[in-house]
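Asks: Shown below is the structure under consideration.
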Amino acid sequence: MNFKLLRTVFAIGKLFAITPPSIDITNATNCQKLHAYLMIIFYTIGVIISCYHKISSYIRYDNLKLAIKAILDSSLYIFNICTVAMPLIKRSQWYILIKNLKITQKSDDVTEKKSGRSFVWFNFAFWSCMAYMTYTFANIMGVEFFKQYWVEYVQLYVQFLTSFLMYTILTMLRARYCSVFRQLFNIRKFGAAANRIKHDINILKETVDVFNDIFGWPTLLIVVFVSLQVLAYLDNIFVVSSTTDVKILLYNVILLLLFAGEVGVHILTVDSILQEFEKILGLACGLRRRFEYKEEEFCKLIDIIIDNSPKFSVARFFTIDRSTILRIFETISTCLIIMIQFNSNLQPSDCID
């Protein structure tokens, strides 16, 4: 990858004002600020128009369903505003993030898989799902469907593009932790090699902290939106499964997998970084026993590694690891039981989002 994929994501992201114009971070220009303000106006007007046309659908919902729909629309709108503001108010953090990725790129044997195809597959999967959604509900609702949901095409694509941006940066971080492991595994003399490892571990910890600072709130909003969206789709599946409308049932299953995959991939990628760090720490402890005559130096190295352990925080509300998937699943399961009890009269025609 070597920043090639990141440049591609930046090239698309700058069109929606969710990234700096390039990986060569400079101060925001007046044109870039104007672009961001125009995107905020676009989202605001689009959401207002969309909500206006959705009133006829919303009045059919009970209070619980209406509350979920309101939170979904609000969280997606806030997310879009947050992603537009991020490149402006977090400019210095973006500079540090890219700088640190470039510094650790100089580490010996840093190789990152060519993952340009992943971006193509990401777009193919997303737009295929959107095409099927359009085909299914345009035939049912006609022009009214586009009046209600046209702005969500842009909103959802920006959300998935942001998720892919985070995935790209996380894979670069994972590659650099893998490089540190290889450096430690191949260590023969403690001096310069150990200093390089200490330096890289420290830089990578700072990079993770900066990543949390930039993407903490967007990640939280994505988790909230996706969790509620998955909850709504599961509820819809229970309702539609009692009918013979296979198209709507398939739509709910496809979109459920798409949104669940978005968060699932993020969590598993973070967990893979944590596993690489644990391998580094475990190897360092093993080498301490192997090089007994350097035990004191290795103890200092182990202390530095422990002090610089990466923690992926979501806006400082909680940290991400593999168990996060289970906690989300438990929350969704509990809420689903409540929804099934209160929404037994939900009609399949209401199951669009």
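For all residues, glycine too, the Cβ spot is worked out from N, Cα and C.
Bear in mind that TrEMBL entries carry predicted annotations, made automatically and left uncurated.
Per TrEMBL, transmembrane segment is recorded for 36-55, 75-98, 119-141, 153-173, 214-234, 249-270.
Show me how these features fit into the shown structure, please.
Replies: Same-chain residues lying 6 or more positions outside the transmembrane segment (36-55) and placing a CB less than 8 Å from one of its CB atoms are 16-17, 73, 77, 80-81, 84-85, 87-88, 144, 147-152, 154-155.
Using a Cβ-Cβ cut-off under 8 Å and counting only residues 6 or more beyond its ends in the same chain, the transmembrane segment (75-98) has close neighbours at 16-20, 23-25, 27-28, 32-33, 36, 39-40, 43-44, 47, 152, 155-156, 158-159, 162, 169, 206-207, 210-211, 213-215, 217-218, 221-222, 224-225, 228.
Listed by sequence, the residues of this chain that lie at least six past the ends of the transmembrane segment (153-173) yet keep a Cβ under 8 A from its Cβ atoms are 1, 5-6, 9, 12-13, 16, 18-19, 42-43, 46, 76-77, 79-80, 83, 97, 101, 112-113, 115, 119, 122, 126, 130, 204, 207-208, 211, 215, 218-219, 222, 225, 262, 265-266, 269-270, 273.
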Asks: Six or more residues beyond either end and a Cβ under 8 Å away: which residues meet both conditions relative to the transmembrane segment (249-270)?
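Replies: Result: 125-126, 129, 132-133, 136-137, 159-160, 163, 166-167, 170-171, 174, 219, 222-223, 226-227, 229-230, 233-234, 236-237, 240-241, 243, 312, 320-322, 324-325, 328, 351.
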